[in-house]
Structures are given as C-alpha cells and as structure tokens.
C-alpha cells in the first residue's frame, strides 16, 4: 500500500485542500451529517462484533455445563480440567483473537466505506451549489434587474469554475481509493461467495434447542460478513447515483438567467458529467447494489450445488 498516496487522500478528507473545504454553512451541514452517520455505522458494527463474540463465548460455557469433559477445540499448553483452566482457554481461543480479527476487519471496511461516503458528500455539496448557482447574492438596482446574472454578479463564474475543479478532484480522489484498496476489495468480493455458502450450511445444520448460543453467533457472523461487502457496494452505488444527478441540478437551477456565453460553459461541463463516476474494485468490478445481489445469487447457487451433492452422496 502506497503510504504517500494514502496521506494525500487523508489530507483531502481533513480539508487541507481548499477544493474540499467547506465554503458555506450548508457545506458544513452536509459534511457534519455525513460524519455523524459514519460514526453511528461504526458503533453499530462494534456492537455487533461484541455481541457475536459474547455469543461464541457463551456457547463454550453452555457446552461445558452439558458435558464436564468439554474443552475448547484448540491446542492449549496446559491441561483443561477445572473451570478456571477452562475459562482461560476460552479467553485465549475466543476473546483476544476474535476481538482482534473482528476490529481489524472493521477498521479496514469502515475506512473504505468512509472514503466513498466522503466522495458522495462532496458530490452532494457540488450538486446543491450548482442548483443554487444563479441565486442572486447581490442587491440589484432597477437598471441591472434585466441583465444576465453572471454579468451582474461576477462571482457566479468563479464559483462555477470552482465546482468544476472540485468535481475533477472528487474523480481523482475516488480513483485513488480504488487503486489503494483494490487488493482488499477484490479478495473480499471473490471470497465472500464461499464464506456465505459455508455459513448458511452451518446455520441450516445447527440445532437451536441444543446450542442456541452457537446459532446466534452464526447468525451475527453472517450479518457481519454480509455487511463487509454491502458497505462497499452501498456507498459505491451512492457515489454513482449522486454523480448522475449533477446535470439535473444544473437544469433545476435558474440557468435561463445566464448569458449565452455562460450557457455554453454549462453545456461543456454537462457533457463532461454525462458519464457517471463509478467506483470499481480492481478497475473491473463496479461497486453497486447490483454487484452485491449478483454475489448473493452466486452464493445461493453454490449453496444449492453443495446441498444437492451432499444429499446424493
């Protein structure tokens, strides 16, 4: 992973680049709303991981209550005979590794999702300001009331150029995120089919009456594994969706009040924005909800094949 490239991305997120910095109170509101939403999402993931870890630990203790000879299925450098020894074995096998791995995956997944959420936020800022580009911000006298707005308000042209440059920076930023995390995302997407299939098979074979804690763990584990790919596809799809609305925002603005020369500038920018900004994993797989449902269908197909093969055997 290129640390210099990651540092440039982080500087943009912190607002060190003037193109990504908030210029109005509305910009600040949109950025703060996105930050609060991502904080809530991270907390939800943290709580889910803690609950799944707790249910897995509870399944070990329930097995011990049913059978005094039950042990943790992993090598321990000491005998597991007393409850104290059994508790330590559970701590070594479950608590530390699961929390470490779970929060490690959480950090990576939420980092990628946050980057794409930031792209979406910047596109929302651009869209809002383009829609209000021709709002008259200067008082007009009687003689200027029938003039073109870009001739009366000289900041209109400057603001429009800024948002064109800001969009180009969003494109660069999104492409950098694709390049930096392409390995992690492609591995997650390609391996998810097998993981989903195996998890569903284990859930279908579980007996809730005998080991309800293990079943709860498998269900929570399945939710977490689904969420890992879902957050990529969901926020990647939102980036594409917001980029498609840029031309609509210009059309909804008071563009008829602009001069013919300025309208030609608008048409040039609209031609540039006709092609949506689509985040991709490994430059080939588009991150969208369509891709997520394709992964789910592939996992179900694999599950069907494995179940039918087992029944025939």
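Just so you know, glycine gets a Cβ as well, placed from its N, Cα and C.
Remember, it's a predicted structure, so these values are computed and weren't measured experimentally.
Annotation comment: TrEMBL describes 41-58 (among others) as transmembrane segment. With a cut-off of 8 Å between Cβ atoms, the residues of this chain six or more beyond the transmembrane segment (41-58) that come close are 90, 94-95, 98-99, 102-103, 106, 109-110, 113, 213-214, 216-217, 220-221, 223-224, 227, 231.
Residues 108, 112, 218, 221-222, 225-226, 228-229, 232, 281-282, 285, 287, 291, 295-296, 298-299, 302-303, 306-307 of the same chain lie 6+ residues outside the transmembrane segment (183-201) yet bring a C-beta within less than 8 angstroms of a C-beta in it. Annotation source TrEMBL lists transmembrane segment at 183-201 (among others).
Nonlocal intrachain contacts for the transmembrane segment (213-235), taken as residues 6+ away from its ends with a CB within less than 8 angstroms of a stretch CB, comprise 41, 45, 48-49, 51-52, 55-56, 58-59, 62, 102, 105, 109-110, 112-113, 116-117, 120, 185, 188-189, 192, 195-196, 199-200, 202-203, 206-207, 281, 287-289, 291-292, 295. Per TrEMBL, transmembrane segment is recorded for 213-235 (among others).
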